[in-house]
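Annotated features in TrEMBL:
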| type | residues | note |
| --- | --- | --- |
| ACT_SITE | 434 | active site, proton acceptor |
| BINDING | 52, 115, 139, 140, 141, 302 | FAD binding site |
| BINDING | 175, 176, 177, 178, 179, 180, 181, 182, 198, 262 | NAD(+) binding site |
| DISULFID | 43-48 | disulfide bond |
| DOMAIN | 7-317 | domain 'FAD/NAD(P)-binding' |
| DOMAIN | 337-444 | domain 'Pyridine nucleotide-disulphide oxidoreductase dimerisation' |
Ligand SMILES: Cc1cc2nc3c(=O)[nH]c(=O)nc-3n(C[C@H](O)[C@H](O)[C@H](O)COP(=O)(O)OP(=O)(O)OC[C@H]3O[C@@H](n4cnc5c(N)ncnc54)[C@H](O)[C@@H]3O)c2cc1C
């Protein structure tokens, strides 16, 4: 039984927790981080990184299958899931090793074990306690399911989907949000017959309606079936398959049902409620400086209401460390957090959708869509889609959405434009290299500034 004191005690070593730990250590604070599983959390072990490795393997499969389109004689012989998994796992393992090295380099003390938050400012791990001048709650999130839909056997979440050792022949994906469409995309590229069921009227419903339409068109072309505006009513499974029933009366038969209906806060069973941490529907409520209702106690990442994204967690973690160190960092603009959905084609956005902009600025919001058909590099890649700009009346650009293969890599510039509150005339003179997909952003701004170059029709 020991009691250790530190400037900062962090409960959870995912994106939010470790970013906070590293920044605090850089600022000279002593840091203890408690992690019950592996540092790196969901993003590294069960989220961003392994899914993007699968998506890359899917792209390689598509390239092999579609070589003919480019005059390259190639064909897809099949998918060796053991090979795919060992590629994916080697990426995760390499990054995990690197991250462990960063903990050592930053001299952050990692305590392995399940922590319980005990007020005031104390975390217990077994018989040992860790008292911090400040405590950060960073326990993340878990894959949710629907009432009455038990996870097990052929009914899986992303956690199991990441480690399948075979490609299902037929799969139903419940949920057309980011995680659902990413797995649908992977499995389709690997040759599965995929049906997405989404209760809302469109895929990726948080994105601009234009982006949903673009994605739906591309998915249709790829042979991915989707049923939107349809509610799921139940699922039964047997040794040979799973039957999924819908409100419409239809029944879908598949080998697997992926439940991708969102992620819930991992806030139960860690002592939060007993210690009096204010929560709403399980999410830890904070002010804009990420302070909970308890003095000296902060919360970060998926546990806090808002976008559940790793880079938001990183930024929040850094913010908290700087706030504690007295650097008075600027409050994070949630709308300026870029979002990328890495399916084929990708959807990337920052700022407001057209509907949100109209709600905020009225009907005079200006929009412009630049189609990738005018962009040489996108034609070389044979990808379709476009760039949509949204501008406040007599004001700056307040939203940018892109659809197309590889456009996720373009969101960096879009984010700068949004965050610097640029006007089209500020961006139009900036020269974009030819031929790049990046040029499509430049051309969209030329068009919005009234001097279109490669614009058809
Ligand atoms: C399939 C999938 C794909 C995703 N893809 C992307 C993507 O491409 N880009 C992106 O930005 N985001 C993506 N995300 C979201 C991203 O993974 C999360 O937003 C991010 O991991 C949240 O970080 P966090 O620190 O809040 O929580 P987590 O990463 O969940 O970390 C919480 C940590 O706390 C630990 N913990 C919990 N309770 C205790 C306890 N009592 N004691 C000790 N330790 C505890 C857990 O073991 C875990 O390591 C994806 C998520 C999933 C599921």
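Cβ coordinates come from backbone N, Cα and C, glycine included.
What TrEMBL annotates, mapped onto the structure for a quick look.
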residue: 48; record: disulfide bond; DSSP (3 states): helix
residue: 115; record: FAD binding site; DSSP (3 states): strand
residue: 139; record: FAD binding site; DSSP (3 states): coil
residue: 175; record: NAD(+) binding site; DSSP (3 states): coil
residue: 181; record: NAD(+) binding site; DSSP (3 states): helix
residue: 198; record: NAD(+) binding site; DSSP (3 states): strand
residue: 302; record: FAD binding site; DSSP (3 states): helix
residue: 434; record: active site, proton acceptor; DSSP (3 states): coil
Chain-mates of 175, 176, 177, 178, 179, 180, 181, 182, 198, 262 with C-beta within 8 Å of site centroid, NAD(+): 173, 196, 203, 204, 260
In sequence order, those recorded positions of 43, 177, 181, 198 whose CB lies under 6 Å from ligand 1: 43
Candidates 141, 179, 198 (binding-site residues) - the one closest to residue 48 (disulfide bond) by CA: 179
Length of the line joining the Cα atoms of residue 177 (NAD(+) binding site) and residue 139 (FAD binding site), in Å: 23
Listed in sequence order, residues with CB under 8 A of residue 179 (NAD(+) binding site) and six or more positions away: 51, 158, 260
Extent of the FAD binding site in Å [max Cα distance among 52, 115, 139, 140, 141, 302]: 30
Cα-Cα distance linking residue 141 (FAD binding site) and residue 198 (NAD(+) binding site), given in Å to the nearest integer: 22
Residues satisfying Cβ distance under 8 Å from residue 139 (FAD binding site), sequence separation of at least 6: 11, 12, 266, 267, 270, 303
Rounded distance in angstrom between the Cα atoms of residue 302 (FAD binding site) and residue 181 (NAD(+) binding site): 20
Nearest of the recorded positions (43, 175, 181, 434) to residue 140 (FAD binding site), judged by Cα-Cα distance: 43
